[in-house]
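Have a look at the structure below before the remarks.
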Amino acid sequence: MTSIAPPSQAVPVSPPASVAARRRWGVWPLGLVLLGLGAAVLTAWGVWNGSQSDYYASIALSMSKSWSNFFFGAFDPAGTVTLDKIPGSFWVPALFVRVFGFSTWAIILPNALAAVGAALITAVTAKRVAGTTAGLLAGAVVATTPILVAVSRSNQPESFFVLAIAAAAWAAVHAVQKASFGWLVAAGLFIAAAFQCYMLEAWAAWPALGIAYLCSRKPWVRKIWTLLVAGVVSAAASVAWIVIVSLVPASSRPYIGSTLHNSAWEMVFGYNGLGRFGSSTADSSAYNSFTPPFSGSAGIFRLFNTQLAGQIGWLVPVTLLALVVLWIAKVPRTITVLIGVWFLTYAAMFSVVAGMHQFYTASLAVPMALAVGLAFGAARKANIRWAQASLVGVAALTALIIGISYGGYSIVVSILQLVAAAVAIGLIYWERARTRPLRFVTALVAGVGLLLTPTVWSVVTMSHPSSINPVAGGVADMSGGMGGPGGGQGGPGGQGGFGGQTQGGSSSAQGGPGGFGSQSGSSSSQGGFGSGGPGGAGGPGGSSAQGGTGTQGGFGGSSSGSAQGGLGGQGIAGMSSSSSSDAELMTWLEQHATSSTEYLVATFGAQQAAGLIIGSDGGSVLPIGGFSGSDPVPTLAEFQALVSSGKLTYVLLSGAGGGGGGMGGSSSGTSSEIQSWVEQNCSSVSDSPSSNLYSCSASSTGS
C-alpha cells in the first residue's frame, strides 16, 4: 500500500539580495536622503562663520539663563523686558545655547535644520498624493527657495514658522483626504505651533483648511461641527501662551515688550497685528511697529518687484498654472482647493501688508512647492504631456525674464535653464516607449528646467551671509547703513539697490544681481534697477560700514547716509554690532560691581544692550525702553529707585546722534526723561573704556 505523505508547507523564498537592495534603496528613499543632504548643505554649511543678529542672539542667550526667561522670552538676562513677539522661534536656539554654550553656530544651526525639516515634510506630503516624482520635486522647491535659504542661514525667526506650516500642510492633506476629525485637530495644533513662532500669520492657513474640509464627502452638519471644534482647539492652543502670561502678576514676570500697557494680548494683536498695517487701521500708529519698506510698495504685483522677484517670485506664475493642471489632472478636489486657497491667501496677504521684510515670504515656499510638485507628478502619472511641458516652459520663461531684469550671472543661468527646459520638453514628447530609465532622465532634466536659476541663487547665498535683512542671490551685504529699497548709490546701473552708501564710502562692491551691495570698495555690482525707489539711503540707524562713518538716521535720509529722518538711533533688530569694545566695557563694569549690584549697566534701546549682553556672555544689562526704545520700562521713578538702592550705578548713553536706541529711541516719554535726568544728575566716568559712561549714586536721587 502506498502512503501519501502530507503536503509540506511552502517555504517562502527570499528575494535575491540585489532585489532587496533595490527595494531598500529605491528612488524614493535614496532621493529623500539626497534631498535632505542637499538642503542641509544649502542651509547649514558654514554656519559657524555665519552672521548673527545681535538682538536675536542676545535673546537666545538671555533665555538660556533661566527657565523663567526661557518661557517668557526675556530680552535681557535679568528678565526685565521681553522681546517683541511670542518666543516660540527662540525656544530651540535657547536650548542649544544652554546645552552647547553660546556661539554663532548654536543660534543659527537650529534654523537651518528647521528649513531642512520643512523640505522633507513637504516632500513626504506630496508623495502621499501623487507619488515619488511629486514628492521629490516639491521637496526640492522648498529646499531651493532662495529667501528661505537666506533666512535659514541667519538667526532671524522665520524657519521654525515654515517648519510648522509644512507640518500643518502634512496633517491637513490627511484630514481632507480622509475627512478625519483627528487629522483636522492635528492640523489645527500645528497651526497653533506656527502661531507661537509668527503669531497672526499662522491663522491665514485656516481659510484653506476650512474650505477644503467642507469639500470633503461627509454630512454637512458633521463637517461643520467637527470644523468648529477643531477651530476652537486650535485657537485655544494658539493663545495658550498669551493666557498664561496674562495670568502671571506683572511683578512676577518681565514687562511685555513693545506694548503700551504691559499686555501680551496687546503685543500680539496690537503691535504685531494692527501695527503691521500702517495707516490703514485707526489704532496702528500707537504701536510703533517696525514695518520697513524692504519689500517695496503694496500692490497686486508686489511679488514681482525688484525686492521680491528674485527671492520668491520665480515660481509664482507656474504655481498659478499648476493649480489649473491639478484640476484638469483630476487630483482630488479637496487637495486642489486646500493648496490653491492656501497659496492665494498668503500671496494676497504679502501683497497688501504695509511693510515687511523679504524673508516673511519664505512661508509661500510650502504651498508653492505642493502645487508645482503635485501638478507635475500628477501630469506624469496621467501622461498629460502638454501639462508637463507647460509647467517646465513657464518656469523657464519666468526665470529668463527675472534673470534679465537683475542682470549679471542671472542672465547666463536663466538661459541655461531655458535650454534645459527645451530639452526636457523634447524628452517629454519623445519618451514613447516610457522605459523607466528614460522617464527618470526626463524627470531629472525637467527639474533642472524648473529650478536651475533659483537653485543657483540659493548657492550664491551661501557666500553672502547677512544678519540685517537676509536676502538671497548675493544681495545680502547691507552693512552700509541700511539704505532701504532704492537707497544709496548702487553699482553700475544707477541709483537703485539696497544698502546704499555711507559718508566716506565708495559705491557698492559686493553687489550681486542688480547692484544691491553696500560695502565700500570699487563699483562692481552686476547691473542695477534704474534710478532709485522708495526712501533714501539712510537706514534705521546702523553701525558704520567699512570705509564710511555710518548712519544715524532713518528711512528718507540723504544719499550721503547722514540721514535726518525716521527710525534713528542705534540700528534695527537685525543689526550686528557687538565687538571687542563691548566685552572690554563689560569687563570693566564687572570689576567695579558691588555686592548690591543687580544691573552692571543701563543703556537705551535694544541694539546697544544686545551688544553688551553678548560681549559679557550674558551680563546683566538694563535695556531702557525695550526693543523700540519707547517702552515705559523702567519708569523714571523705578530707575531712580534702582540707583538709590545701589542696584544700578552705571548708565551708558548713546553715542553720535544722541539718545535712543533699538529701533530708534523715543525723543519723548520715559526714555527721554531718564536720559535727561542722567545727564543732569550723574557724572561722566573718565577712566572707563567708553566716553559715554555715566555714574549715578544715591546722592543723585536726593536720598
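Glycine is no exception: its Cβ is also placed from the backbone N, Cα and C atoms.
As annotated by TrEMBL, transmembrane segment applies to 27-47, 95-123, 129-151, 160-177, 183-215, 227-248, 308-328, 335-353, 359-379, 386-405, 411-430, 437-460. The domain 'Glycosyltransferase RgtA/B/C/D-like' annotation in TrEMBL covers 85-240. If you look up TrEMBL, you'll see 473-578, 661-703 marked as region 'Disordered'. Annotation comment: TrEMBL describes 480-503, 527-572 as compositional bias 'Gly residues'. Per TrEMBL, domain 'Putative mannosyltransferase YkcA/B-like C-terminal' is recorded for 585-681. What TrEMBL records for 673-682 is compositional bias 'Polar residues'. What TrEMBL lists as compositional bias 'Low complexity' is 683-695.
Under 8 Å from some Cβ of the transmembrane segment (335-353) lie the Cβ atoms of residues 129, 169, 172-173, 176-177, 201, 204-205, 207-209, 211-212, 215, 276-277, 291, 295, 298-300, 302-303, 316, 319, 323, 326-327, 360-361, 363-364, 366-368, 370-371, 374, all in the same chain and six or more residues away from its ends. DSSP places the residues of the compositional bias 'Polar residues' (673-682) in helix, strand and coil in these numbers: 9 helix, 0 strand, 1 coil. Sequence-distant contacts of the compositional bias 'Low complexity' (683-695) (same chain, at least 6 residues past either end, Cβ-Cβ under 8 Å): 581, 584-585, 588, 601, 649-655.
Stretch with the most C-beta contacts under 8 angstroms to the transmembrane segment (160-177), considering only 129-151, 183-215, 227-248, 411-430: 183-215.
Per-residue confidence over the domain 'Putative mannosyltransferase YkcA/B-like C-terminal' (585-681) averages out at a pLDDT of 85. The stretch from 27-47, 308-328, 359-379 with the most CB pairs below 8 A to the transmembrane segment (183-215) is 359-379.
Between the transmembrane segment (359-379) and the listed ranges 27-47, 129-151, 227-248, 308-328, the one holding the most Cβ pairs under 8 Å is 129-151. Proximity of distant same-chain residues to the transmembrane segment (129-151), defined by a Cβ-Cβ separation under 8 Å and at least 6 residues beyond the stretch ends, is recorded for 27-28, 31-32, 35, 38-39, 42-43, 111, 115-116, 118-120, 122-123, 158-159, 162, 166, 173, 177, 310-312, 314-315, 331-332, 335, 358-359, 361-362, 365-366, 368-370, 372-374, 376-378, 380-381, 443, 447, 450-451, 454-455, 457-458, 461-462, 466, 470-473, 476. Long-range neighbours of the transmembrane segment (227-248) within the same chain, counting only residues 6 or more positions beyond its ends whose Cβ lies under 8 Å from a Cβ of the stretch, are 72, 86, 88, 181, 184-185, 187-189, 191-193, 195-196, 202-203, 206, 210, 213-214, 256, 263-265, 268.
Listed as Cβ neighbours of the transmembrane segment (95-123) (distance under 8 Å, sequence separation of 6 or more from its ends, same chain) are residues 32, 35-36, 39-40, 43-44, 47-50, 52, 56-57, 60-61, 63-64, 135-136, 138-143, 148-149, 151-156, 158-160, 162-163, 165-167, 169-170, 365-366, 369-370, 373, 614, 617-618. With helix defined as DSSP H, G or I and strand as E or B, the compositional bias 'Low complexity' (683-695) counts 0 helix, 5 strand, 8 coil.
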